[in-house]
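A.B. asks: Structure in structure tokens, see below.
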Amino acid sequence: MAESPENQYSDVPTEEMEEEELLLDDSLSPLEKIFLYVKSDLVFHRVFIAKELPSLIRDVEISEAVEYVLPLMNSLGTDPEDHVREAFAPEVDKIIWFYYSHCPLRENTPDNVQGDNGSINSRPMTPQRPQTPQRPHTPQRPQTPQRPQTPIQQQLQQLPAQPQTPTSHLPYLSPAAFTPLLHALLLDQNTSIASAAQSAVQSLVERILEEPDVNPKEKELLEKETLEGVVLGIGKLDQEKAKREDLEWDADGDDTSVGAVAGGEEEAELGRMTMMTLISSLAPIVGAEKCARLFVPELDKMSDEPVFYVRKEAALAVGSLAGILPLEIITSKLLPIYDHFSTDPIWHVRRSCCLVLATICSRLPEEMKAERAVKGIELFAGDVSRSVRSAAGEIIGELIATFHPDGKVPESLVQHFLSLGPIRDTTIGITSVTGSAYNTGLGQRDPERPVICAYNFPAVVLTLGESRWDDLKDTYISLTRDMQIKVRRSLACSLHEIAKVIGPSKTDQDLMSIFRLFLDDMDDVKSGLMEHLAAFIECLPQNTRNDYLPSLNDVWDGVNHHWRLRDEIAKQIPELCRLFDSQNVINHILPLTIRAVRDDVASVRETAVASFPDLFKAVRNDESCYTDMIKRICEFASDSKFRSRVVFVQICNALVSKDYPKEEFARHFLNDLEKLASDGVVNVRIALARLVGELCRMEQYYQDSSSRPSQINNMLRRLAEDNDVDVRGFVFPYLSPEERSKFISSTIQAMAESAENGLPPISEESDIDNGRSITQETHDSTPIMTNLNNEEKNDTEKNKESRDMENGRDSDDPLDAIMGEIPIAFIRPNVIEVENNRSSSGLIVSSPPP
Amino acid sequence: MGLDLDACISQLLQKQLLAESLLKEICEKTKELLMNESNCVSISAPVTVESVGDIHGQFYDLIEIFRIGGYCPSTNYLFLGDYVDRGLFSVETISLLTCLKLRYPQRVQLVRGNHESRAVTQTYGFYTECVRKYGSTNVWHYFTDMFDYLTLSVVIDDRIFCVHGGYIDQIKILDRYREIPHEGPMADLVWSDPDPDKDEFSISPRGAGYTFGGLVVKKFLEINKMEHILRAHQLCMEGYQVLYDDRLSTVWSAPNYCYRCGNMASILEVGVDGQRFFNVFEAAPENDRDGPSQQTSLEKKDKIQYFL
């Protein structure tokens, strides 16, 4: 745009370019590439390799990957640049899994210490050489021929701590090989890196537990190491410190201390916190048995944990574990520590307790649940900390929902919930002590509270049921007038859910006015309604439904400026068809659909076109409506707008894709379709060719070439001779062998002629129907071949025509022989002028001032 | 078998990059194809064309264009240049457009813009993006070499002259297979702008090309017996601008340009009889999720509207 070319050349860093030129040498092996990029001084090189390592490493010999790439991973994981570690952390599980799935594992035992000359066993990051060459289940890798040594290879071999061994046999990997790396990433002071590392651990555990192809022995090793070494291990950094001192795991022997990690004590605290977070996220994955065995004892120790942010995570872990452990462990182990945390001096910890209250209650038997829920919400809603009080508001809906479907919800919970809504004029009913304690600071209301209230309303209505609606509706209605769009949007999205619970007559009485109100609201609110338009209308009594139907046109008008909302309505058409009788479908839904297929936006047209099979279904049993529908559709075929003619073909296509009866299809549509084979606008013919191709491909229509009706054969022939390559491409595979050979011989002849004449000028008139010349057919033949090839690949169905074609090409098909060598000049599309050829216009204007 | 363009296109529609070696082959083949196009490609009637202005690497907005105008080969497209630079996804954008051109040479026309140039892309983002996404400059070389072969203008049905910038002189005898020079007719074609306050030519504030007034346009159309000039190159807040008694239109197809200008965009539909309709649109919603202020944590919150 507005940039001047004068500064175009300003900031091309020349030395950077040279460096890249060095690196983009195609002759580099993947290993060399990895090595050079990791060692590059340019940050973006290291970022690039951090992201690409999972795919590049697949091309590296496994023994080399263990020997050379593995140490480089530590250098990426401790890179001084945040960007590099940020790029690396989300990929690390994929790389680790590559090793796990390609390399046999062996635990560190005194046995194989010997075998490794004792030198590298103390470094768990370093691979161990196997004593026996191969394990039976690992694939044998052929020894790669030794290439001449490049400078890079020499460099690689000079790496310290790299045993000078041949790389031909598989090394063993210690299951603990990646534990220090994962710990370093998990403890990274950059929280986005730490949380990416947590996700990596999580997906690693998932894979270890779920991947079917892992051998049971290795699975056990990996599971043990990941859960105990990585997860529990990070909570015991102080105990393991002495050991850790040995683990100098940077291959270069650089200063390896994990720079980003703070000193000893703090690191241990961070480690315990991370362990709790990991327990929370892993609990549902590892299942009850491992949770009880491995994780519960860790939580047990947490009651005298001195650091509050560790306790904060521990309280959340209590909730997570409660979600899967049996009741007996919950009551004996988890509830005591939960109660202990609930009165913690630090509000963060109490807030965590509040946030998991619903999860815990959901696991308790009815009476205990009611008691805990009431006591819990009283406690947290009356907390001295505002954060804890607002957390109580956030969870109240979820807490009430735990009583669904047949529990009795304690009344104080309901009142708590209602107190989140806008303040009502009358305060009838809200006299409970808990309610007022909860509502501290009336007047200066938290704007988030109505949002939370609106968000939870459907769940509360569902739990309390239709009978309590009258107690809830005042709050509900005042919420619908809230100033905040997100409150109204949430309500608009869920209106149909409320309607389902309260039934047709109350929906009509209480929600219809809200529905109309939201239809005139902002787009964000409107779209909430549109997404569930049919579902809401379904909840209305039948007579109201029918009365409402004509307003659909107004609804469409109301979203004239916003195509996604129109698309949303169009998506509802099939559902709407099911809600009305055939007369209403013809009188109201069909006109709306026709409006939609004339839309300016292609997506809206496509959505509406796709609803025609459902429209037909809705009127199928009403003969006059059915005939009417066909008449209205066929009007599109002779519409003066080309787009309507395309729509006609597309509607036929939609019907065919839903198995519209063949005889009826032939009777109602084939004649109109045939006329379009010579339509002046190429886009119509493309749509038609696509449809005809489909019809000839599908067994239930016209796959059998011997019984094709004349209209189909005429269209096939005509479209196959079309002067547009994209039209021909769709139908060519379905021609009869004779027709194809006729086509081929004319092509050969045309090629011979054009070869004699050199490049023939292409006349502009030729694009229009009858001006087709032999030369043009020549031009476009090669793309047809491309298309054929695609057909062959994609079409797995037993298509006789296609197979014939394939066989033909395997033999000495002249088409194959000649088409393969058509010079590019011949495939030049005929609508494009030849350079400097007799131009229609001079294109000359006066020259600009000098 | 050889190149599976349909697979490439569906991969790119998912916004997944193609392999470097594939792009090399695609660019080579596209060069061969473009080499045979005239400096002034003529599209004959009856035909309808969706004409698209600057896109500038705003990949999601290109997809929005397909949602609005329809996909290839059902719809014919004329792209008026400036496919790369500025936006976050120049590589994806130009990869997709190139594959579409190669797969449907008759359905898709690609005109060269001032950003389809080595010099400009080195400064405004495409170069850096290629290096960041492919780790080397190879892909940038493939594409910028291919740019040298792009046509400079299209004439629809002998009535509408379509070009990226605007000024035109002896276009047919130009040797276009080269980097866009600093000055001269080729630079003028991709750099010039209309000036509604002038009648004749003036110096352009851009430092390249000229500005041209209503008289120049009128004279050009008369001499060449045409009706209209269609061009891109300039941001229009409404998505388009019509000047000089409906003799010249600017179409702009990058909504919320650079993810912050707040402008509308449009594509111009040229109908069978030369009717023109500007289909105006806004930025695609995906830009909020995968744009410059990418915040994946917000995504979940956006989706769930209520609790049940």
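For all residues, glycine too, the Cβ spot is worked out from N, Cα and C.
Nobody curates TrEMBL annotations by hand; they come from automatic prediction.
Not measured: the values here are computed from a predicted model.
Residues or ranges marked as compositional bias 'Polar residues' by TrEMBL: A:110-122, A:772-788. Sequence annotations record features per position, and here TrEMBL assigns compositional bias 'Low complexity' to A:123-167. If you look up TrEMBL, you'll see A:790-812 marked as compositional bias 'Basic and acidic residues'. Look at TrEMBL and you will find A:516-636 tagged as domain 'Phosphatase 2A Regulatory Subunit A helical'. Taken from TrEMBL, the feature region 'Disordered' covers A:109-171, A:757-817. Taken from TrEMBL, the feature repeat 'HEAT' applies to A:472-510, A:589-624.
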A.B. asks: Are there residues at least six beyond either end of the repeat 'HEAT' (A:472-510) with Cβ under 8 Å to its Cβ atoms? List them, or say none.
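C.D. replies: Long-range Cβ neighbours of the repeat 'HEAT' (A:472-510): 418, 421-422, 424, 447, 450-451, 453-455, 457-458, 460-462, 464-466, 517-518, 521-522, 524-529, 531-532, 535-536, 538-541, 544.
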A.B. asks: Averaged across the repeat 'HEAT' (A:589-624), what pLDDT does the model get? Just tell me the whole number, please.
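C.D. replies: Here the mean pLDDT over the repeat 'HEAT' (A:589-624) amounts to 96.
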A.B. asks: Count the residues of the repeat 'HEAT' (A:472-510) that DSSP assigns to helix (H, G, I), to strand (E, B) and to coil, and report the three numbers in that order.
C.D. replies: 35 helix, 0 strand, 4 coil
A.B. asks: Under the DSSP assignment, what numbers of helix, strand and coil residues are found in the repeat 'HEAT' (A:589-624)?
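C.D. replies: Residue counts for the repeat 'HEAT' (A:589-624) by secondary structure: 27 helix, 0 strand, 9 coil.
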A.B. asks: Can you count helix, strand and coil residues in the domain 'Phosphatase 2A Regulatory Subunit A helical' (A:516-636) using DSSP?
C.D. replies: 98 helix, 0 strand, 23 coil
